[in-house]
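*Asks:* Before we start, here is the structure in question, set down as structure tokens.
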Amino acid sequence: MIISFMFFSAPILFAVADALLPTALLSASLSAPSDTPFPDPAPAFSFLQTLNSQLTHYDFRYSLIDIPIISIIRSAIILCVYGLCDGPGLSRGPYLGITTVCSVVSLLIVSIKASYVFGGSSGGFTAAEVALFVCSLLLAVGHILVAYRTSCRERRKLLVYKIDIEAVSTFKNGFPRYSKILQDERVKVKLQN
């Protein structure tokens, strides 16, 4: 039951994970462990100071604050489109297209940023920073895969629904073709006699 729930709510769960995971990785990369034996009494306050410093002294080549912002914006757009689309919109409509466009644009931005961050510095990056970039790239590709699977699932639903509608509409008309076949059989029987 849990697997079924996760399968059918995959776009929502994936968008939430996309918003939270890069933010948590940025938090881990910004809060570097200190060498002092006494812990910081206000780690949340120091994180907010570091975040504020990142925002005020933003530089595309060095600052990492824009990666979680890109992920949050991407997730918000995808969730809005997913919420506004119905069956046909999810199957062939704007959901797959907008998700693909948002993911490709964010892939390009993060790839360009990675080339600046890792190409310009001489090995001064942490594992959390590398994980932040890799996570953002994988989540962008994952959005496309989840949107494609959702689109395929909705197309199958519409196909089954369409077949059922045809069956119901045929039944409501009283099987008009059946009466014609019966009438043709009666004429054949009369001709044979």
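Using the three backbone atoms N, Cα and C, a Cβ is placed for every residue, glycine included.
What TrEMBL shows for this protein is this:
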type	residues	note
DOMAIN	47-143	domain 'MENTAL'
SIGNAL	1-19	signal peptide
TRANSMEM	62-84	transmembrane segment
TRANSMEM	96-118	transmembrane segment
TRANSMEM	130-148	transmembrane segment
*Asks:* In terms of Cβ proximity under 8 Å, which residues at least six beyond the ends of the signal peptide (1-19) contact it?
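*Replies:* Here the qualifying positions are 71-72, 74-76, 78-79, 82, 139, 142-143, 146-147, 149-150.
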*Asks:* What average pLDDT is reported by the model for the domain 'MENTAL' (47-143)?
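*Replies:* Reported value for the domain 'MENTAL' (47-143) is a mean pLDDT of 82.
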